[in-house]
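Peer 1: Following this message is one structure expressed as structure tokens.
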Amino acid sequence: MATFSTSQPLSLPRHPSLSNPNHPTTNNERSRHTISLIDRCADLRQLKQIHAHMVRTGLFNDPYSASKLFAIAALSPFASLDYACKVFDQIPQPNSFSWNTLIRAYASGPDPLRSIWVFLDMVSESQSYPNKYTFPFLIKAAAEVSSLSLGQSLHGMAIKSAVGCDVFVANSLIHCYFSCGDLDSACKVFTTIQEKDVVSWNSMITGFVQKGSPDKALELFKKMESEDVKASHVTMVGVLSACAKIRNLEFGRRVCSYIEENRVKVNLTLANAMLDMYTKCGSIEDAKRLFDQMEEKDNVTWTTMLDGFAILEDYEAARDVLNSMPKKDIVAWNALISAYEQNGKPNEALLVFHELQLQKNTKLNQITLVSTLSACAQVGALELGRWIHSYIKKHGIRLNFYVTSALIHMYSKCGDLEKAREVFDFVEKRDVFVWSAMIGGLAMHGCGNEAVDMFFKMQEANVKPNGVTFTNVFCACSHSGLVDEAESLFNQMESSYGIVPEDKHYACIVDVLGRSGYLEKAVKFIEVMPIPPSASVWGALLGACKIHANLSLAEMACTRLLELEPRNDGAHVLLSNIYAKSGKWESVSELRKHMRVTGLKKEPGCSSIEIDGMIHEFLSGDNTHPMSKKVYGKLHEVMERLKSNGYEPEMSQVLQIIDEEEMKEQSLNLHSEKLAICYGLISTEAPKAIRVIKNLRVCGDCHSVAKLVSQLYDREIIVRDRYRFHHFRNGQCSCNDFW
């Protein structure tokens, strides 16, 4: 260990009592006086003055005085572990208290495992033996690093030392086993405690909540009540957290009544837990009432209230909370950005992010970046996504699995697959989410074979796939017509990977079969499903019927879909389009009349394009954009130039009853993706790619126009529609499953 020298000059200010001329004269008096000075120390410099005084007067040889000094050096608010080690090395024969204190200090420090080395020194170099105060600190260290094997070893040593059943040791073991994910061992230790204290119950309740078993936490609380164990505020925090997780407002209200009836001390932590329970369970009125009553509030309080309004999509109220906060921290900003992003309002999320950038002394963290990257992915904000990536590099932010996955997802959904690959290749450690994100990126860009290859490389890397991985690889198979590969993997999901197929996986297989023309096989697959077919399953079949113009099967699929979701506007529109392509205009009229009567409206086509970091949106026939005149002027120029090079409008794509050919052509020209492409042409110069995001499927005529524009204007055009990407370059398109 380290050595300490008393030859160095002492730091000021000196402890005022050390220069007192009326010092006690006997050893006992000096010892008591020195200990009282140690207890009154205000900072490390004063402690060092006392230390030097003890060395000069010989008081440091008194084991009790030395251990007292050492404990303050190691555990006080102004503790210094390095200095404490130097003090410890000076103690001639450290007693068990000193050894336990050093173990405790290391277990709570930045490198908890060093406490194990101290423990080994204690056993091998001294006459002190581990006791019931030693093991809780060692077990805490094992919990901090989530080392199950170390925890089990310490458990065995505690049993051999006859302290395994001690309540303090047992409580530490419960916490350790939960931290390591071994719930069964935690439960076994709990049952062995003969005289459980409230900490024993709290450790179990908190452990169940943190490890995703809130129902068990509530059951244990009921048992605790039945055994007349008086709950503490820690118990209540755990139980309220369980209620929040399972959205059990009734039980949560009962807990709040229990707190009041049993006069449980309500500190700020417990009040915040009550508030969190109310907001998570959707009882915003209860939350507001409690919020207004709270005399003390911290940023957690304000952010919880903000979250509550955001959950209910009351963004104006959430914004008011943010504006009213005495001190806006990054957690509050993250809450609002995340709320917008997760509720399908990515543009609003990005506006909040831009406002956050203007705040002084507010540093972006990984949560900020993940939420903002997800919003960028939704709207195709590639330039902002690139800026965030540069920010990560510039500020040395660690690329954890979440940030890495978000970057891959952003680049993939914004059309830059090569950059997504670059991020994937850069990181050495990849978890299932990183692999799944890359497989998903390949899927949406039509790289089916590469996605399947990556699925198997993932297993070679000993990373087990999850349900999302299979969804992504099935989508890849669907866009590339890899029917055999998809069926083979689906059949292995449960037997080889232990993953029970869910509704989304069945819908994917129906899509794989349907897109490839195996409609009857898809129907038979649905008929033998072990779970009732959902709307997504019938929707996949209906979409396949449109591709292959199977009217009778489409009517059946649509009927089943509408039985489950009567107000599904997409299903009505899709069937209407199938009728229109088949020339059944009477059926089109009847269906659209039904939509008018029932108040169903078709989702309008909307295309967006990012220019200089700003997102510009266009609806079909839109004239609200500030540059509409220039856009329509460019559109006229483009269409005339295309016609002179042999382009003919695909009138079959006009799925309305329009008699005049000129009106049909005008209807086609007003599609939102054409407007967005024209805005890209007048706002950027070659060779910059034009990237457009479409909320619906790209129609055949727009597909043809994009190909010709890429050739005649020598521009790469990348369009992402609801299903996948279309890359246009030199008059060619990379997609192989457009229809």
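Placement of Cβ uses the backbone N, Cα and C atoms for every residue, glycine included.
Bear in mind that TrEMBL entries carry predicted annotations, made automatically and left uncurated.
Relevant sequence annotations retrieved from TrEMBL are reproduced here:
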COMPBIAS  1-10  compositional bias 'Polar residues'
COMPBIAS  17-28  compositional bias 'Polar residues'
DOMAIN    646-739  domain 'DYW'
REGION    1-32  region 'Disordered'
REPEAT    197-231  repeat 'PPR'
REPEAT    267-301  repeat 'PPR'
REPEAT    329-363  repeat 'PPR'
REPEAT    431-465  repeat 'PPR'
REPEAT    466-496  repeat 'PPR'
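So where do these features actually land, and what's packed around them?
Peer 2: Sequence-distant contacts of the repeat 'PPR' (197-231) (same chain, at least 6 residues past either end, Cβ-Cβ under 8 Å): 167, 170-171, 174-175, 177-178, 181, 183, 186-187, 190, 237-239, 241-243, 245-246, 248, 251, 258, 262, 264.
Averaged across the repeat 'PPR' (267-301), the predicted model reaches a pLDDT of 95.
Within its own chain, the repeat 'PPR' (329-363) is flanked in space by residues 299-300, 302-303, 306-307, 310-311, 313, 315, 318-319, 322, 371-372, 374-376, 378-379, 381, 384, 615, which lie at least six positions past its ends and keep a Cβ under 8 Å from the stretch.
Proximity of distant same-chain residues to the repeat 'PPR' (466-496), defined by a Cβ-Cβ separation under 8 Å and at least 6 residues beyond the stretch ends, is recorded for 432-433, 435-436, 439-440, 442-444, 446-449, 451-452, 455, 458, 502, 504-505, 508-509, 511-513, 515-516, 518, 723-724, 735-737.
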Peer 1: Counting only residues 6+ away from its ends, which parts of the chain sit with a Cβ under 8 Å from the repeat 'PPR' (431-465)?
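Peer 2: Same-chain residues near the repeat 'PPR' (431-465) but 6 or more away: 401-402, 404-405, 408-409, 411-413, 417, 420-421, 424, 472-473, 475-477, 479-482, 485, 489, 497, 499, 720, 724-725, 727, 734-737.
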Peer 1: What are the helix, strand and coil residue counts for the repeat 'PPR' (197-231) according to DSSP?
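Peer 2: Grouping H, G, I as helix and E, B as strand yields 26 helix, 0 strand, 9 coil.
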Peer 1: Across the repeat 'PPR' (267-301), what are the DSSP residue counts per state (helix, strand, coil)?
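Peer 2: Final tally across the stretch: 26 helix, 0 strand, 9 coil.
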